[in-house]
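Copied from TrEMBL, the annotated features are:
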type     : residues : note
ACT_SITE : 199      : active site, proton donor
ACT_SITE : 304      : active site, nucleophile
COMPBIAS : 1-16     : compositional bias 'Basic and acidic residues'
COMPBIAS : 20-31    : compositional bias 'Gly residues'
REGION   : 1-31     : region 'Disordered'
């Protein structure tokens, strides 16, 4: 665990502290991250029929209801476009890429830079091609991961507006985290061990520029404590009953007179977490469902990429 120095290396820290939990905000809010959540566009990819067989989800995961998964995906796209006012770009489904809708794993975007990831699963690496082309067409600066020893899934990366946290998990290794640090040198980059078979974003997210939201599991709380040790910008912490509820998206489309939005799993998916989410009073809550897509390993942050840019004229 550590924060990245000027040369992009991830340095070690060993200091230990504790964080209050229990569903309440703790003291010590950091300086708001002005870049957090600013967006004008959203990128999604359609749900292919091949996802329904379960073959794309991997061994041990159930087959899903294709029609329901496609409806969930369509509603998500509608919320991004109509409720949040984003320009929505949808890549077509590809039967050869059953997990293609989980395109949040394929890139890490901050400002005008997109780091194209190298997913842990070789079968998923072709997913990055269509995403790369779409982001290039939007004028982003593309950075490639050329190291064959590096693995990185985008949903292991949490940007707070002030710094990056990279989960060291089954899918992301230390070399992948180093490349994040090399790419985004204006920000501290710290690594957080992920002790469960999940991505970091499956355990925690940003409820606002000053607030980390996290699930109540031991793995989620361990990740939050590690982040508190490593950061120089203390945040408030809000604990939610469900880990999956912490996989949310704080978004600021820049609409005049409109407060920021928090795109989150709704009561139909996670009823126990809705009351705690109401404590985030500075955002407009926008609930969506992805309970069927979740069977394929999808979390909310994996189903879209959001960015702020202008397409080429």
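From the backbone N, Cα and C atoms, a Cβ is placed for every residue, glycine too.
Just so you know, TrEMBL annotations are computer predictions that nobody has curated.
Across the fold, the C-alpha of residue 199 (active site, proton donor) and the C-alpha of the residue listed as 'active site, nucleophile' stand 16 Å from each other. Cβ neighbour count for the residue listed as 'active site, nucleophile': 24 (other Cβ atoms within 10 Å of its Cβ, all protein chains included).
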